[in-house]
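If you look up Swiss-Prot, you'll see 1-30, 94-103, 171-181, 357-369 marked as topological domain 'Extracellular'. The N-linked glycosylation site annotation in Swiss-Prot covers 8, 15. The feature transmembrane segment is assigned by Swiss-Prot to 31-55, 68-93, 104-126, 148-170, 182-205, 333-356, 370-390. Per Swiss-Prot, topological domain 'Cytoplasmic' is recorded for 56-67, 127-147, 206-332, 391-408. The site 'Implicated in ligand binding' annotation in Swiss-Prot covers 110. Per Swiss-Prot, the feature site 'Implicated in catechol agonist binding and receptor activation' maps to 188, 192. What Swiss-Prot lists as region 'Disordered' is 242-306. Summarising the annotation, Swiss-Prot assigns compositional bias 'Acidic residues' to 260-270. Taken from Swiss-Prot, the feature compositional bias 'Basic residues' applies to 277-286.
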């Protein structure tokens, strides 16, 4: 969001025609700022284009929910092309050069893209939550068309929040500042950042709680502890082949049981790959602990007896891979959301603080500008996060880069 508050900004704007304007930075400082921001713009565009191409061309990334990442990458590219260059010019020159009409649209686009980023992250967190808590039912509805409709709603909400207040505000020819009235600053910060951020954090805490609950169920199954599982807890165990009991030591039986339980999934087996739905036949089996009496049962779904290489085994394997991808993406997106909040929170907090108590409790102007540019830097970090934390993205990026190099 473009805000450059200065104590004497109005007075300076009035004196533009009276005396030649001096740029606020020396030539070496201006050159360094231009170089750094240009690198940020380049990194943002190249990185997010790679994300879009990777999702659209890689089989491992072609799940419908990854369309959210494509839309988020588009928002970051638009920030780099339609917002940051004009913010850079305004920063270096010390005044707005591009007229009042473009100022209104520039501010609206700035708020739009920032708001859309966090609303995208909200939608992603809700998508993850539903996929974990209502796996079978939600995944039947999780089609590309439905995801595209959700993305359209995200952009519509962002536009409704961003455009009307800014387009209706009059702007000076030589100064492009966002509405500085207290009511607008507080309401825009609440709607554009704090409320969506609170929703996002709350939903991910619930996802963590569900995952922890299911992890404890697995621990119970592996250790044979007495515990009555809740209705939502199911231990899913895959076993390729049931073996007949043979005379063996207790330790070998324990090892075998432990090996069987090592493949327990924390998510429902239909969570990510609906094509594997009819491939499992479930039966109830008690999980008994060593050296214990009768135990309470935990409902365990066993794969049917499968010959190696059978279609059922292949489908089960695909489902296992899909589930692991789903878990990895959930972790990666948690990192993305955390970094987004860390990048933008200092700006929104100090911006709101200034609205409440004015200059006396606000940070120094240089620090406020730093917070403002750190927020813009967030547009370039998502591709880096995907590369560091997700193997599927790393492979897809390498493939795209190698393919581009071969063509040239």
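Glycine is treated like the rest: Cβ placed from N, Cα and C.
Projection of Swiss-Prot feature records onto the structure.
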residue : record                                                                : Cβ neighbours (10 Å)
110     : site 'Implicated in ligand binding'                                   : 23
188     : site 'Implicated in catechol agonist binding and receptor activation' : 23
192     : site 'Implicated in catechol agonist binding and receptor activation' : 24
Leading stretch by Cβ pairs under 8 Å, where the reference is the transmembrane segment (68-93) and the options are 31-55, 104-126, 182-205, 333-356, 370-390 | 31-55
Mind checking which residues reach the transmembrane segment (370-390)? Cβ under 8 Å, same chain, six or more beyond either end.
-> 1-4, 37, 40, 43-44, 47-48, 50-51, 69, 72-73, 75-76, 79-80, 83-84, 87, 114, 117, 328-329, 331-332, 335-336, 339-340, 343-344, 346-347, 350, 363, 397
Determine the mean pLDDT over the topological domain 'Extracellular' (94-103), rounding to the nearest whole number.
-> 85
Within the topological domain 'Extracellular' (94-103), residues counted as helix, strand or coil by DSSP | 5 helix, 0 strand, 5 coil
Report, in whole Å, the straight Cα-to-Cα distance of residue 192 (site 'Implicated in catechol agonist binding and receptor activation') from residue 110 (site 'Implicated in ligand binding').
-> 12
Restricting to the same chain and to residues at least six past its boundaries, which positions have a Cβ under 8 Å from a Cβ of the topological domain 'Cytoplasmic' (56-67)?
-> 124, 127, 131, 142-144, 146-148, 151, 272, 325, 329, 392-393, 395-396, 399-400
Take the topological domain 'Cytoplasmic' (56-67) and count its residues per DSSP category (helix H/G/I, strand E/B, coil), listing them in that order.
-> 9 helix, 0 strand, 3 coil
